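Database features (TrEMBL):
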- 27-267: domain 'Deacetylase sirtuin-type' (DOMAIN)
- H134: active site, proton acceptor (ACT_SITE)
- C142, C145, C167, C172: Zn(2+) binding site (BINDING)
Amino acid sequence: MSIGYAQKLSDKKDVGTLGMPELFDPPYNLQQKVEQLAVIIQKSKYLVVFTGAGTSTSCGVPDFRGPKGIWTLQRQGKGVPEASLPFDRAMPSLTHMALVELEKAGILKFVISQNVDGLHLKSGIPREKLAELHGNSFREVCPSCGMEYLRDFEVETIGLKNTPRRCVEEKCKARLRDTVLDCEDELPGKEMNLAEQQCEMADMILCLGTSLQITPACDIPLRALRNGGKVVIVNLQQTPKDKDASLVIHGLVDEVISGVMSYLYLRIPPFVRVDVFQIVFTRCTRLSDKRFMKWRLRVASIHGQNAPLPFVRSVEVSFPGRPELKVATLSKQPFLLKRETVAKRSCCIMLKLNLSDGCACSYTSIDFPVDFQGSLNLSTLRNVQHIYQVERT
Ligand SMILES: [Zn+2]
């Protein structure tokens, strides 16, 4: 979906700098500039960061204008580059995690992102300190009451269309909409106003991995200049705003930011992802023969009946202590097992969830005790936690 979105945009937007060569400052020069940037950050009182596709390229999310970017390859008739990972498994980069630490340290006050990959929120930047100008593939919003829903799967539509789900607020129940802008859509007023306000308050705007070409988003950082703020640009290509910047660094964003973090004696924390799911056991119809019972076991998303579980590949179900019950492997979503068994004594169902590629561990095992004679349905919330050390790629 992310690439389809880019394709649509490419038909409309200015494509002036496509495939422009990537520039790298020579190592000695780069080191000096990194130190200069660290000092500016240290002295800043209100740092705002403005991010673009270059912040996420090390996460496997393709950029737009680089030599292998989506728009460049399209222009050359080479089609669309393969994303190395689906959005839902892309992990925050070293830069995303460094920004989380800078925010916790009270240095970074606000993040403005042009990316729809949702990685700033996943990494741990608080929602109220983030403006996502082009939306977020994982967020739905209720047009009626304004409630936001952050999903662990990509929302099915783009262009602010209705999604298959409804608001869960008791008196609302309106159809939800996706938040990813289509090429004709105006920037969302709320996010835009917030971003502009923040840039006017900032004494420093750090632009990371953006060619500063998509209007009107690219003009927002310059608002800092009005009140005497500084703009610093870290990007591999020249940008039309370079002339307004106090410092321009041509280097990989991850490399520059990790240099800054070591200069400031700040650590880059690991990324911790917690995947939540539910196990639901339901007794179904009563049979005429009381010795038997029908039941269903479901491993499901917490986001609604039909929502996918992107981090689960398959579920193996076994019944230790009940050798007469057949082991089952559920390899397709929804992960649902229907059985009719002898209704005798309780037993422990053993579930092995095989996790998708890109998860930190390959499976998780769960014991789920059920009482085949009890009349209650059971459900439980479980989670699996993945800890990733972010490394330079
Ligand atoms: Zn609502």
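A Cβ is built for glycine as well, from the same backbone N, Cα and C atoms used for every other residue.
Those TrEMBL annotations? Automatic predictions, nothing curated.
Here the features listed in TrEMBL are placed on the structure.
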| residue | record | CB count, 10 Å |
| --- | --- | --- |
| H134 | active site, proton acceptor | 21 |
| C142 | Zn(2+) binding site | 20 |
| C145 | Zn(2+) binding site | 12 |
| C167 | Zn(2+) binding site | 20 |
| C172 | Zn(2+) binding site | 13 |
Between the residue listed as 'active site, proton acceptor' and C142 (Zn(2+) binding site): CA-CA distance (Å): 17
DSSP-derived class (H/G/I helix, E/B strand, else coil) of H134 (active site, proton acceptor): coil
Residue pair C167 (Zn(2+) binding site), the residue listed as 'active site, proton acceptor' - Cα distance, angstrom, rounded: 22
In three-state DSSP terms, the structure that C172 (Zn(2+) binding site) belongs to: coil
Extra residues within 8 Å (Cβ to Cβ centroid of C142, C145, C167, C172), Zn(2+): P143, S144, G146, M147, R166, V168, E169, K173, A174, L176
Contacting recorded positions for ligand 1, chosen from H134, C145, C167 when the Cβ sits under 6 angstroms of any of its atoms: C145, C167
Rounded mean pLDDT for the residues that make up the domain 'Deacetylase sirtuin-type' (27-267): 90
